[in-house]
Amino acid sequence: MNQVCNSEKQESKDPFENFQNLQKIHMFDEALNEINEALKINPLYSQALNLIGRKNQYFLIAEFSIKDEELFQVEERLQGVIQPNPRIEDAHFNRSLFFRKNKIYNLTQNQLNLDFNESTNLKSFLMKKQESLLEALGIFQKILEIQYLNYPAHYYRGLIFHALGKHMDAFLEFNQAVEIRPTSTEAFFQRAELLLDMNRNLDALENYNKSIEIDPKRAQSYKRRGKLLKQMENYEEAIINFNQAIELNSGFANNYVNRGLLFKALNEKQKALEDYDLAISINPKFIKAYKNRGTILFQEINQNDKALSDLNKILELNPKDIYTHIQRANLLQLLGCTEQALQDYTKAIDINPDETENYCKRADLYKQLGQTDLAMKDYDKVLEINPKNSNGYWNKAIIFEELKQYEPAIAFLTGFIQLNPLDENAYMKRSDLYKLVNQLDKALDDQQKIIEINPKNRFKFEYFAVAFLFKEMNEIEKTFQDLNRILEIKPNNINTYFIRGNLYKDLNQDDQAIQNFSKIIEIDPTHFIVFYNRAKIYQKLQQNDLALQDLNKAVELNPQITFTLIERGGK
């Protein structure tokens, strides 16, 4: 008896295999005949019943593009399943689908799209038509309890686990499916998709390779392998895969876009443009193709009129595309169409009023147009939406500085610094503003902070500070009073000694200058510029031995500074 059953199973497996092969090449009528043959041989054969009664029956119906006369035949088959097994819920479910024929036909075209990810389909349809994916898993589990070596049950459990994000469970199911049917291109393909999500790229590539080895005529496999190779930055091999995908399915626009992106990565812009043109000729409503073509035209080869045409087309197809409104605004600014650019920024803000970056972009344009009050309102809105947006503080500070309103400029810079405590430029700008309002001690604090953040700034900064003090402070005596007051508060402030020493040096008060530089060396003998400055005074006083000692020390501390070597060479 077992031998007879096994014979029946083997006999019915051939039509099942034939069904899968016919299904792949869209010979749906012939595929349906093979399923019917499998049922005739053994109506209880679990693989065939599983196929007819599985949860995602929409796939079978849509792929076969069922005719009126076939509906009755398939319904009859389902009835044959239900009568001896009234508790098979999925058979009842699938029979109900036949009473919604119109909807089935509406779904047909979507299901025939080879680039529709089957696991995504399975998830969406099961979520809509069943209580949960877990319920579907349970049904497939019951099938496995009857026949553990059931390929479709393992395969579809793998898809469901993948859709649920349970990657290891999915991996185990696909492993079983591959072990049961090592000639299944689909099992290797779906395992590759899973491994990709598990960040196991090399293993995914190996499975794509196997899938293609089994079925070298499947365009989707080349496409997905090409995308993986692109991710791995193997652009030449990726192009070869997309060439093959296009040869097998020349009517799929996205393959041309993907190949175009690869050509762009290889700086073959003309080939990329040709591919985007082909994609648009296949699908004139393909926004992705217009976007990529427009990017090259605008940003790469300065064909701005053509780029503007593409951006206009994108917004015709999708008026709420914020990114394209912003990109078109940027292009319109470049073309001098500022009013139209403002309209695009405003449209982007209307679509998403909580995106602060777009207010900043519009405010920048208002500033360029001299509409400071409107720019200020936009920056106010930025800070209203996000009080921690540092750009809002910075830009308001700049506007107040340009208006010569230094106190509020300092206040907003302080807000910026609280959010960015290591930003050297912010301290420098605030230091400049403090000087303008005669708050020298605070200016020096900010300059000292710059050096604390990055000690390499000492050389660049200190000369700047001395130049400012000497040129901008008309009352040298008052300047010394302020510096002396700072040293009373902070007796080891190296920066202040350096400034005072340079002032004495420029006033030819050499002894006082030497005292200040010597004090710095006493506090911290690691600053080459101090030894260099003191050496210049010794040289002036013709104390050449002391000058040479200081120059030697300066070279030792920083042998990369050439002027110390030159000065020493002259000694």
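Every residue gets a Cβ built from N, Cα and C, even glycine.
All TrEMBL annotations are machine predictions without curation.
Record features, source TrEMBL:
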type	residues	note
REPEAT	151-184	repeat 'TPR'
REPEAT	185-218	repeat 'TPR'
REPEAT	219-252	repeat 'TPR'
REPEAT	253-286	repeat 'TPR'
REPEAT	322-355	repeat 'TPR'
REPEAT	356-389	repeat 'TPR'
REPEAT	424-457	repeat 'TPR'
REPEAT	460-493	repeat 'TPR'
REPEAT	494-527	repeat 'TPR'
REPEAT	528-561	repeat 'TPR'
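Away from its own ends, the repeat 'TPR' (356-389) comes close to residues 322, 326, 329, 333, 338, 341-342, 345-346, 348-349, 395-396, 399, 402-403, 419 of its chain (Cβ-Cβ under 8 Å, at least six residues beyond either end). Proximity of distant same-chain residues to the repeat 'TPR' (424-457), defined by a Cβ-Cβ separation under 8 Å and at least 6 residues beyond the stretch ends, is recorded for 394, 397, 401, 406-407, 409-410, 413-414, 416-417, 465, 468, 472, 482, 485-486, 489, 493, 495-496, 499.
As a summary of secondary structure, the repeat 'TPR' (494-527) carries 27 helix, 0 strand, 7 coil according to DSSP.
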